[in-house]
Each structure stands twice: as structure tokens, then as C-alpha cells.
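Record features (TrEMBL):
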- B:12-35: transmembrane segment (TRANSMEM)
- B:47-73: transmembrane segment (TRANSMEM)
- B:85-104: transmembrane segment (TRANSMEM)
- B:139-159: transmembrane segment (TRANSMEM)
- B:188-210: transmembrane segment (TRANSMEM)
- B:216-234: transmembrane segment (TRANSMEM)
- B:241-267: transmembrane segment (TRANSMEM)
- B:279-299: transmembrane segment (TRANSMEM)
Amino acid sequence: MEPMLEVRDLNAFYGKSHVLRGVNMEIMPGEVIALLGRNGVGRSTTAKAIMGEVAPRGSIKFKGQEIAGLESYRIAHLGLGYVPENRDIFPTMTVRQNLVLGIKDMKTPGRWSIEQMLEMFPNLKARADNPAGVLSGGEKQMLTMCRTLMGDPDLIIIDEPTEGLAPKIVHQVGDTIAEIAKAGVAILLVEQKLSIALRIAARVYVMGHGEMVWSGTPDEFREREDVRREWLEV
Amino acid sequence: METVVFSLLNGVIYGLLLFMLSSGLTLIFSMMGVLNFAHASFYMLGAYFAYTISSVSGFWLALIFAPILVGLVGAATERWGLRKVHANGHVAELLFTFGLAYLIDEVVKIIWGRNSVDYRVPELLDFPLFTLYGTQYPAYRIFILFVAVAMLVALWLLLKRTRAGLIIQAALTHPEMVGHLGHNVPRIFMTVFGVGCALAGLAGVIGGNYLVTDPAMAISIGPIVFVVVVVGGLGSLEGAFIASLLLGLLQTFAVSIDASFADIFGWLGLGETTEVGRITIASLAPMLPFLMLVLILMVRPRGLMGDRDI
């Protein structure tokens with residue numbers, strides 16, 4: 001089987017600082033990947049470079065097509081969804097309107113309708129007609145993920161979904177991501193909390209100093225105390 | 001009473017005309033992050049296009065095609081001009097629109113001459129609609145009112161009640177996210193710029209024959225539109241609406257007040273023939289918008305309804 005996303009020798013720069021130094025990774029259709037690493041090693045930048053928010057150098061192939069440097073709306077139309085770490089909801093619009101904006105094309109229905117999406121998330125349903133700005137952090141996170149899912153992506157990149165959330169909510173977000181995966185959507189999860197990452201992911205990439213330093217299954221990872229100590233523990 | 005009623009009507013009409021200009025300007029501001037200095041020049045283009053079209057095929061076709069033409073010029077300006085300049089930052093954008101304003105001014109002078117052109121109210125609407133307190137009120141002014149309100153309702157429905165409107169609103173504040181959701185943000189920006197210019201063009205079509213169509217019309221109304229947008233709050237359509245009406249009424253009422261400083265401050269001993277005493281309230285009217293601008297920037301820099309500082 002061909003990988004759905006294939007990243008080869010990806011480099012990125014913030015001014016003169018070389019942030020990504022030849023990142024390689026691949027994601028198979030329907031696969032859930034966790035991207036681990038300490039703060040500042042380039043995990044979020046990897047996501048941003050794939051989505052074109054940071055200028056990428058190197059090759060990024062999605063479904064066989066080169067997408068490095070493509071305009072963001074074209075990347076989205078190919079079926080690549082992005083949930084950025086800042087939970088970029090539209091605060092003055094209602095929850096329902098936020099979901100409507102996630103639909104790329106009204107003529108082609110996706111996996112979920114808005115009503116189905118609201119059924120799946122009772123918290124959002126209860127506030128469907130409230131401005132999204134009044135939601136709690138966890139609800140905002142759910143909404144950004146649901147909004148991206150309305151566009152019916154085949155791969156969704158979720159950047160730090162549990163950052164700043166209470167432990168109970170973190171668990172809920174984890175369940176949601178597992179649900180998304182069950183629907184056949186491939187996921188690249190940029191995450192710091194090992195508990196979530198190891199519970200959901202089929203494969204784990206560990207980043208250090210702007211490149212991939214280790215990859216394997218969660219079980220293999222659990223046996224590599226050295227990898228954890230060298231690249232993840234603070 | 002007569003003065004009040006007529007000033008009220010004229011003030012509202014002038015205010016709505018200002019809103020046609022300021023609504024586009026404020027939408028474009030939300031998008032670019034800088035004021036478009038050339039906005040009033042598109043208003044002027046609307047009037048001149050309408051003058052030329054109406055001399056060939058009548059006012060009604062001009063009413064439709066002149067704003068469309070102005071909108072296309074605006075869209076082309078964004079697509080092939082501003083979009084390139086945008087990469088170099090706000091100062092470059094500001095200077096670009098500044099240069100564009102003068103460019104359009106000069107082009108207008110070359111094509112239509114330096115004097116005002118004879119762009120008239122259409123005959124069909126050139127009659128007194130009603131007589132109030134013995135004074136006739138021109139039908140064309142009510143027509144302006146009608147067109148302005150229709151445009152206001154259409155714009156409101158588009159922005160608040162359609163998916164396209166939601167996408168536009170979201171793109172103005174969160175362009176990157178909207179792009180990630182699969183919406184073509186560059187095309188949205190071009191459309192917003194084009195529609196904003198078309199609205200200014202429409203104001204030119206219906207205002208050019210009500211006021212005057214000459215090469216100075218952009219420079220005379222431009223600063224007032226900036227005042228409206230800043231007083232209303234940069235980026236806020238509701239604010240622009242309130243400020244447009246406020247300024248329209250303020251200026252119209254000031255002009256109609258038949259009093260001098262001596263009348264008001266005579267009890268303080270201010271003589272009618274002194275330099276200060278001779279100043280009439282009406283003569284203060286042109287100053288009021290800018291006084292308002294200065295005051296609002298001191299007291300409430302966000303403007304009446306704005307959500308961001310300048």
C-alpha cells in the first residue's frame with residue numbers, strides 16, 4: 001500500500017534559525033500516528049510546514065501529489081485537515097455556524113452531517129446556537145476538531161489538542177480522537193502527553209533537534225526507556 | 001419645525017451616502033489591516049462612469065453598470081496590485097493606495113477634464129415629490145434614500161444570513177484558518193475589495209448628480225469617510241453605520257442653524273461685529289467631523305463599536 005502522506009527531507013527556517021533539519025515520515029491510510037518530543041524540537045513546525053503555514057523545503061506528498069508550498073485551501077481540498085494548536089474558532093459566530101464553515105462544498109456531503117456531529121457531542125449540541133467564544137477550553141477543542149471533520153478529510157493533523165485542559169477533559173478529547181480514527185480518518189497527533197498518545201496511536205515518531213530520532217509501535221516504545229529518557233523527559 | 005424635518009431627512013440621506021462609502025472601506029480595512037486611501041477615488045469613478053454611460057444609454061443602465069465596472073476595476077486592483085504589494089507589509093500597502101488615489105485623480109482629469117461635468121438627475125426623478133411647510137422636496141433625494149436602504153439590507157442579508165457571508169466574515173478575522181478549512185481566501189479578498197469598491201461606485205452614481213461630479217469630489221469626501229470609519233470603530237460595519245448617520249445629521253443640522261457666536265454668547269458681552277462674534281454655527285460644519293475624529297481618538301481610540309485599537 002502507498003503511504004497517504006510521505007514527507008522526505010523536510011527543512012524549515014524561522015529567519016536564520018534552521019528549525020526542521022531533514023524530517024522524514026510517512027502515514028498510511030487510516031493510520032493514527034503520534035508525534036512526540038520536547039517543547040521546541042519542531043513538532044508543531046512540522047505540522048505547519050506540511051500545511052504551508054511555514055515555508056517548507058523538501059518533498060511533501062499527499063495521496064501521491066506534491067503539496068509542498070501549495071496554497072492552504074488547495075491542500076484542504078485534497079483531503080488534508082488541520083486543527084492548529086491555538087484552537088482558532090470563530091468566536092462571534094455560533095457553534096453551528098462554525099461547523100457550517102467547516103464544510104468545503106455544500107453539494108458533496110461528507111461522512112458526517114452537522115446534526116450527526118452535534119448528536120455525537122452533546123456538549124456542543126447544548127450550545128449549538130451560542131457564540132463559540134463562550135465555550136470552555138475543552139469544548140473549543142472539540143469544536144475545532146468537529147469543524148475540520150465537517151470538511152470530510154482523509155488525514156487530519158491535530159496539534160497539541162490537550163494543552164491547558166483539565167485531566168478529565170484530556171481523557172474526553174482522547175476518546176474523541178479515537179472515535180475519529182474509527183471512522184477511517186488517518187490522524188497525525190502532535191502531543192506531549194504520553195498517556196493519550198500511546199493509547200490511541202498505532203505508531204510513534206519521536207523528534208529531537210528538528211529531525212526524527214526514533215519511530216516504532218507504542219509497545220516497542222514502552223520497552224525503550226533510553227529513548228524516553230534521552231528525548232522526552234524534561 | 002420645518003428646519004428640523006428637512007435637516008433630518010437630508011442628514012439621513014447624506015449619512016446613508018457616507019455609509020455606502022464607509023461600509024466598503026471598513027470591510028477592506030478588516031481585510032488589509034490598513035485604510036485604503038484610494039477608496040473615495042472609486043466613488044469618483046462611479047460618478048464619472050455613470051456620467052458617460054448615462055449620456056449614451058440613460059441613467060438606469062448607468063445605475064447598474066457603473067458600480068459593476070467600478071467593482072471590476074477594484075477587483076483587478078486587488079488581484080494584480082495590492083496582492084503583490086501586500087507581501088511587503090502595511091507601509092507599502094498604504095503608500096500604494098495613496099499613489100493610486102492620485103493616479104485615479106489624474107486619469108479622471110485627463111479623460112473628463114478639470115472642470116465639473118454635467119451629470120444630472122434623471123428626468124424621471126427630477127420633480128418635487130411632496131411639499132412640506134410650503135417647501136418642495138425633490139424626489140431624487142428619496143430615491144437616494146431608497147437605493148441606500150436597499151443596499152444596506154442586501155449587504156446585511158449577504159453577510160449575516162448566507163454561508164458566503166459567514167465565510168467572508170471569518171476570512172476577515174481568521175484568514176489562515178479559513179484557508180485550512182478549504183476556502184479560497186485570496187479569491188474572497190479580491191471579491192471583498194471588488195464589492196467594497198462597487199459600493200463606493202454606487203454611492204458615486206447616485207451621489208454624483210445629487211452633489212457634484214468634478215475631479216475634486218474624491219478629495220472632498222475622502223477624509224470624511226475616514227472619519228466615519230475611525231469614529232465608528234475600525235472594522236465594524238455597525239459602527240460605520242452609526243457614525244455615518246451621526247456625521248450626516250451633525251453636519252446637516254450645523255449648516256441649518258441660523259445663529260452666530262454673538263447670538264449665543266451676546267450675554268457675555270460678545271459683540272456682533274467682532275471677529276469671534278461674527279462666526280456662524282453653519283461655518284463650523286466642515287470642521288465638526290475632524291473635531292469628532294480628534295476627540296474620539298483621545299477619549300475612545302477603538303471608536304464607538306470597534307474591537308481593536310488603531
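Just so you know, glycine gets a Cβ as well, placed from its N, Cα and C.
These numbers come from a predicted model, not from an experiment.
Of the two recorded stretches, the transmembrane segment (B:12-35) lies close to the transmembrane segment (B:216-234), with three or more CB pairs under 8 Å once pairs fewer than 6 apart in sequence are set aside. The transmembrane segment (B:216-234) shares the most Cβ pairs under 8 Å with B:279-299, out of the stretches B:47-73, B:85-104, B:139-159, B:188-210, B:279-299. Remark: the transmembrane segment (B:188-210) makes no contact with the transmembrane segment (B:279-299), by the rule of 3 or more CB pairs under 8 A. A Cβ distance under 8 Å defines the sequence-distant neighbours of the transmembrane segment (B:241-267), meaning residues of its chain 6+ beyond its ends; these are 3, 6-8, 10-19, 22-23, 152, 224, 227-229, 231-232, 274, 276-282, 284-286, 288-289, 292, 303-305.
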